[in-house]
Structures are given as structure tokens and as C-alpha cells.
Amino acid sequence: MEGVVAEGTTFKECLALSWKNTYVLRLAFSAGIGGLLFGYDTGVISGALLYIRDDFKDVDRNTLLQECIVSMAVAGAIIGAAIGGWLNDKFGRKSAILIADFLFFVGAVIMASAINSALLILGRVFVGFGVGMASMTAPLYISEASPAKIRGALVSTNGFLITAGQFLSYLINLAFTKAPGTWRWMLGVAGLPALLQFILMLLLPESPRWLYRKGRQEEAKTILRNIYSSEQVEVEIQALKESVDNEIEENKVSENINLFKLCQTKTVRRGLIAGVGLQIFQQFVGINTVMYYSSTIIQLAGIASNQTALLLSLVTAGLNAFGSIVSIYFIDRTGRKKLLVISLCGVVISLGFLSAVFHEATSTSPAVGIAETSRFAANFTCPAYHDAASASSWDCTRCLKASPSCGFCASPQNKLLPGACLMSNDRIKDSCHDQDSLWYSRGCPSRYGWLALLGLALYILFFSPGMGTVPWIVNSEIYPLRFRGVCGGIAATANWISNLIVAQSFLSLTHAIGTSWTFLVFGVISVVALLFVLICDPETKGLPIEEIEKILERRGLHMMFWKKRANEKNGGENDTNREGDRDV
């Protein structure tokens, strides 16, 4: 999941005003660590899984168990986000963040000390609870404790910190590749930023908006005087009072809202189709397979070394962070729909390219040589290969697919020459290395490995600025004001559930139909997503909220997205209107 992105001009103003008021900067940074935790957990499991499989043999030979280790954090996040909504209203934003940090820290300790896969999964669930709460609470706290003029830009820093956390996780993974208990350090270090945020939040106030709603007006006013200048504070207090009064009135109406009634309202129904559809497609075009399993994908491309796979995975995390910065610049210049279309076109091309590369790599997999295999002791030979009637036609791919207990020892002269199909365990792996050969258990030697890396880089570069950020922006704009909270929650839940489905099924898909066909499936889904955007999603750039409602009402979806609408030509007027609407 990515964060909301602000306009470029507002972003510059944010930096200037934040440095003048370090109190605001401290609030935003402290709460924004929640985004860092979210991003770190997403990225760290990619590298840690390589070493977990080496330590826990039941994990190494069971793709379903590997998927559970990854996806249980997502399942926990779904529950954490649901509980977090109640905690935020009942106990406040600050308390919810403190609880999230505590759960995340407990989960990190359990994972780092796990003696079996069951405890590891339990730790992942606890971490998921914390991530789910923090992912929804951190932006809310920043928004409610920030000056109105720079609120959007400060909230956008939470999204940037998510991608920064992913990048940091790959650096940490790389740093601990040679340390004893490699994966334990990788997962355990996650507890440090949670502990840091817990301490910082103890020193910070509660959200002034929440305090005001709970009748603690004097406390709220004291905090607001630290945030705003003396000239602005009274105006902001009055605006807060009116906003809270209006929200209370709207909540009285929305208490009786249910999904059936929402779908009966034409504008809400069409908005939900567009918004929820974008959130689902954001996950089903495969982004979190790349973030959760990037190191594994690189090994599937023929990179044998765990350390090399982690180093190359660092590139994908860096490109993802770079893409979130690119989005800040382009989102209000090119428009939401155009950015989505460009992003998805690039994603389709990248996934098609990856599918072709992995297909070619599989087709040219090194053969298994009878002579090469016989160089090792007879009891080292993979049983499936030994008993096969057509062993002479075997190659590396067939060897690895025959059984989870099989591995491939490449030729010491050239990894693309015939090698040996052996049993996969530490003793035989060391024996292979003793002959100056590379050991493969998750992917086969290939001359096309660098092309797979290029495909992954292109995928991230196209995905991150468009499909990575725009779905969240559209969902903040497309719904009528009185239904925005309810509909936004529905869309976010759809995103987490889709995330869980993709994370839980990726390795099973690659095992069942192969890596090439798996990326082809994601490519086909991306084509469907492109058609969906062209047909169902309106362009919301430069439009007041009322105009977006009218577009949904008359289904004027602006198919020719590359052309400016007549009402965009008077940009200044529209910008003024939009500023007024966004302040509502």
C-alpha cells in the first residue's frame, strides 16, 4: 500500500513552513515512523525468507508455508485496521499509535526468537496487527495535527516513508547477510523504530481534533497555539468548531448507512466501482509479489547467491522510493487518469517482457548430465532423477520441479553446461561448493538473468508513480463528502484483502504453472485494469467535488483523457475552486 501524494507547489511550501515551525515537523516525523514500519515489514520479509528456508527445512520444502509466513502479516493488518478504527475513536490517535508500536515490538521479538515456523507465523500476525493500526492512524494523526496549508504535503510524507522503509529493509538485509542468525537480526531490528516511535509519541500531545470532539477544548486550544501563529489560531479554532459540529451532524445521518443503501445511490455506486476497482487492480497487477518476493524472483532468474539476490533487490526498493517522488511532481500536471494509463501500459509491457525472459530461461535450462551426477556419491543423487525412466532428457528445471528435496549443482567450467541433479541438503550443498560449483535450489543458471532484472526495474518504474499512488488519491476525491469516510474504508479493506490473496498465491502459482506463466497472468490482469480505467474512472484533476459528483451522475467519464476539458482552460478559477473544496 502507498500513501497520498500532494501537489508540487504545496510540497515546497510544506518544507519551508515546517522548518520554521519545528514543533509541526516533530509531530509529522514522529507519527510518520508508522509508515516506515509498514514499508520495512513489507520489504524485510523478502530477504529474510531466503535464510528462513535454510534454517527451517519444513519451510524450504513447503511453498504454502512460505506464503503463510509472508501473508499472515497482511491478514493481521486487515484485523488491525478494523480494530484501529474503533481504537482511534474510543481512545484517541496517540493511544492507537502507542498500541500499534507495542504490538509491532512484541511481534518483532517473537519473530527474532522463534524456534519453529509456528512461532514465526505468530510473530508475523502480531506485526500485522501493528502495521494495520499504524497504516490508518499515522496519516490521520498527521492530518489532524498539521496546519491546513501544508496538511496534504505532510500527510504525503507518510507515503514516502513507506517506500523509504522498504529501501531501508533491503539495506538492513544486506548488512546482516554474514551475521550469525541472519534472518533473526533482519526481523528483530524492526522492533527498534517501533520502540523509538513509542518513546517519541509519549512526549507528543493527542490530536487536537480528537480532544475537541471529546469535549477537552482547552487542551485542544493549547496544542493548536503551538501549531499555528497567533494571527491564525483563533480562526483555526473557530473552523475546527464548525467542522466538528458539521461532522457530528453528518455522523447522525451516516449511522443508518449500510452497503445496500450506498449502492442504491447512483453517484456513490459508480464512485465505489471506480475506487474499489482501482484498489483491487493495484494489488492484482502483482506489485506485492515483487516487493514481498523480489529476492526469490531474482533467484528464479538464475542468481544463486542469497547476498547477490539481496543486493539486486535493493535496486527495486530504491526505484520504488524514486517513483513515489516522481508522482509528487507529475500528479497535478498530467492528471490522474493519464498517469494511470501511462503506468498500466508500462506495466503490461514490463510483465510481458518478464514472461518472455523467464520462458526463454526455462527453455534453455542446462541439462542434467549422467556423468556429472555420477561424480558424486550414489546416495547424493536425487531419488526422483535416479528412478526416472527418461533421466537422459532431464534438465535443471525438471530436476528442481521433480521434488522440493532436489537441487542442481552447476558445472564448475561453465554454469550453462550440463550439471548434476542431487538431493538438497547442507552436506551436499557444501560438497558442490567444494568443487567450485554453484548450487541452485530455487532457480536455474541462465544467460538471461540480467534481462529479468531489467524487467523488474521497468515494472517498478512504471508502477510506482501511477498505480502505486493514484488509487489512494482518487479514493480521497471521488466520493460525495458525506460518504467519503465509509466508502474510503470499503476501498481500503478491498486493497488489504486483495493484497492477502496475491501474497498467499504467488509461490503456489509459480510452482504450479511456472514463473513465466505467472507473470503472463499478471500481464493479462493489467490489460483488464487498463480497460477498466479507460471505461470506469473519471479524470478528477482540477475539478471541484460537486463537478465530480455531476460526472458520476451523468457518466461523463472523459474517455479522451489526453485532451483538456473546456473547464480546465481557465486553470486559475478551477484551482481556486478546488482549494475551497479541499478545505471543506
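Using N, Cα and C of the backbone, Cβ positions are placed for all residues, glycine too.
Since the structure is predicted, the reported quantities are computational estimates derived from the model, not experimental observations.
Among the features that TrEMBL reports, transmembrane segment is placed at 27-52, 64-84, 96-115, 121-142, 154-176, 182-204, 271-294, 309-332, 339-358, 448-474, 486-507, 513-535. For 27-541, the entry in TrEMBL reads domain 'Major facilitator superfamily (MFS) profile'.
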Sequence-remote contacts (6 or more beyond its ends) of the transmembrane segment (271-294), Cβ cut-off under 8 Å?
42-43, 45-46, 49, 70, 166, 262-263, 313, 316-317, 320, 340, 344, 347, 351, 456, 459-460, 463, 467-468, 470-471, 474-475, 478-480, 487-488, 490-492, 494-495, 498-499, 501-503, 506-507, 519, 522, 525-526, 528-529, 532-533, 536-538, 552
Listed stretch, out of 27-52, 64-84, 513-535, that has the most CB pairs under 8 angstroms to the transmembrane segment (486-507):
64-84
Would you say the transmembrane segment (121-142) and the transmembrane segment (64-84) are touching, if the rule is that at least three C-beta pairs must lie under 8 angstroms and be 6 or more residues apart?
yes
Please figure out which one of 96-115, 121-142, 182-204, 339-358, 448-474 racks up the most CB pairs under 8 Å against the transmembrane segment (513-535).
339-358
Most Cβ pairs under 8 Å with the transmembrane segment (339-358), selected from 96-115, 182-204, 448-474:
448-474
